[in-house]
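Pulled from TrEMBL:
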type	residues	note
ACT_SITE	Arg34	active site
ACT_SITE	Asn52	active site
DOMAIN	13-109	domain 'Acylphosphatase-like'
Amino acid sequence: MLVCRHKLGERNTTRISKNGLQLPGAASHGVCFRMYTEDEARKIGVVGWVKNTSKGTVTGQVQGPEEKVNSMKSWLSKVGSPSSRIDRTNFSNEKSISKLEYSNFSIRY
């Protein structure tokens, strides 16, 4: 599950896109997927976290301005790490929050 949180309009109103990212059947282990995801998130300017699951999928959370979150979702769906294979992505669970919950992007274990 990838939870994407993005900023809406003025007054620091933030929208969370709980976009459950599942990469079923994707080759995400041993291809530095988390490292490349962390690097791309920092380049794009979003915060949150990412980790591998025991099922070989990736889960995480992304927060930031809507256009940046959409850029991250596109990268996760189409690019990933150079050696990864992304068969399918699944984003779900969107809602709003009043402020960002993270100050950076990190890898969780």
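Just so you know, the numbers here start at 1 and follow the chain as drawn.
Just so it is clear, glycine is given a Cβ too, placed from its N, Cα and C backbone atoms.
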Cα separation, Asn52 (active site) to Arg34 (active site) (Å, whole number): 7
Cβ-Cβ neighbours of Arg34 (active site) (radius 10 Å): 21
Packing count at Asn52 (active site) (other Cβ atoms within 10 Å of its Cβ): 19
Mean per-residue pLDDT computed across the domain 'Acylphosphatase-like' (13-109): 78
